[in-house]
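Chemist: Structure below; questions to follow.
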Amino acid sequence: MAKLIAFDQDAREGILRGVDALANAVKVTLGPRGRNVVLDKAFGGPLVTNDGVTIARDIDLEDPFENLGAQLVKSVAVKTNDIAGDGTTTATLLAQALIAEGLRNVAAGANPMELNKGIAAAAEKTLEELKARATEVSDTKEIANVATVSSRDEVVGEIVAAAMEKVGKDGVVTVEESQSIETALEVTEGISFDKGYLSPYFINDNDTQQAVLDNPAVLLVRNKISSLPDFLPLLEKVVESNRPLLIIAEDVEGEPLQTLVVNSIRKTIKVVAVKSPYFGDRRKAFMDDLAIVTKATVVDPEVGINLNEAGEEVFGTARRITVSKDETVIVDGAGSAEEVEARRAQIRREIANTDSTWDREKAEERLAKLSGGIAVIRVGAATETEVNDRKLRVEDAINAARAAAQEGVIAGGGSALVQIAETLKAYAEEFEGDQKVGVRALATALGKPAYWIASNAGLDGSVVVARTAALPNGEGFNAATLEYGNLINDGVIDPVKVTHSAVVNATSVARMVLTTEASVVEKPAEEAADAHAGHHHH
């Protein structure tokens, strides 16, 4: 395949055009008065959303050099989303501003390597300042504020806070579609663990990149499943009964895994295979916990149950099971409440009788999993399009609330970043030459989120940024009420973790772009050009 190569200024300008195309589509959604973007979906109706990462994921540009830029900034949004689950629009904007500011200086003759040193130092300083400004979040009201700011919906904010209160900040909160138009919270018995699907071919819900199984058969196997003849009879029984299947085993490898993947692709059976978590005795104990929760029998030759002889009586079940890349959540297992309670009592006795701190910690973890329960937020709305939009908002709100509980919050609306930018301007004086320019470049970029929040609200962004810069920590511009005030008291707050990962990911990509001297892309195929030749509009 022939390649096209661009050098120097051309390479960087192409990348910048792509960065701008993507970032400009995303930044209109920023702030309480941000607008929506409509995405054309191959299946189903168009999606109307203001979720930055969803928009970014959908964008691919025709010009290959520009597309490089778009994909680089997309990676900022996706990474920030993976770590913090929110703040993707802020991250995208910071990257765009920093790249534009940096490239302007490179074009004017600045040394990219020195600029980068300045940007890196400024980023470190920014993270220190964020930590210094953080206030801890303790009560439900504050968590509700964080969730409300993230979803722009007070009802959602309160439901998310109630969910977090019920299951704790490390508890599991899942989002499902409701059958009615109401959005409601229910806390169900459930258990989750940190292992995901063995193969991405098991995914059956492409929007969430998860495998979702309703009322599946649950097969728990103590050892590896590696022999197809042993495993086939049981698999055939499941296919006949037309139920989805969840397999949890030490491992599924070779032919059995291939068979499951092929049948999953052909849609013969809805199936997911997951490795059992932990090792040794802990794995054994946790499998027994799962057996009680789902009312299954563990297939284990040690107790005389072999895979090739097992029938449907070994299956357990649950109302719903979702499996993502790195987590499995079992909601409403079929096990009786009495048996689960008896199991808890047994673990409590183990905790009381053990001398080893490690064993005690691990047993407490199991107890927490068995007692934790799972909060299910059922999202309702009048139309399919609205349900999808609201589900994205609820997921963002859960992530924001969890991030806030972990690392605290700062004043929102981009105001904390504007005030940190003032600190950076003073800090720049400690540097010489192009490093100083680098520190200042980040200071300029940090003002952009506040600028666009104000612009989207129909005001002059630069005036708002200048006024905010002069205010004390915690105060700033509230774009919802269009007034200046104490944002923390007004509940306009952002989780530190979200802003932190936005700054880290944006500066990392910007530094890569600034040091780019050439870009290499595949030459577009000729046929494509001819196909359009007959369609000139005069």
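Every residue gets a Cβ built from N, Cα and C, even glycine.
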Chemist: According to Swiss-Prot, Thr29, Leu30, Gly31, Pro32, Asp86, Gly87, Thr88, Thr89, Thr90, Gly413, Asn478, Ala479, Ala480 bind ATP; identify which of Asp20, Asp40, Asp494 is listed for that same site.
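Modeler: Within the candidate list, Swiss-Prot flags Asp494.
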Chemist: Just jot down the residues in the same chain as Asn478 (ATP binding site), at least 6 apart in sequence, with C-beta under 8 A of its C-beta; none if empty.
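Modeler: Spatial neighbours, sequence-distant, of Asn478 (ATP binding site): Gly413, Tyr484, Gly485, Leu487, Asp490, Val492.
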Chemist: So how many other Cβ atoms are close to Thr88 (ATP binding site), meaning within 10 Å of its Cβ?
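Modeler: The Cβ of Thr88 (ATP binding site) has 31 Cβ neighbours within 10 Å.
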Chemist: Show which residues of the chain containing Gly31 (ATP binding site), separated from it by at least 6 in sequence, have their CB under 8 Å from its CB.
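Modeler: Gly31 (ATP binding site) has long-range Cβ partners Gly413, Trp452, Ile453, Ala454, Asn456, Ala457, Ala479.
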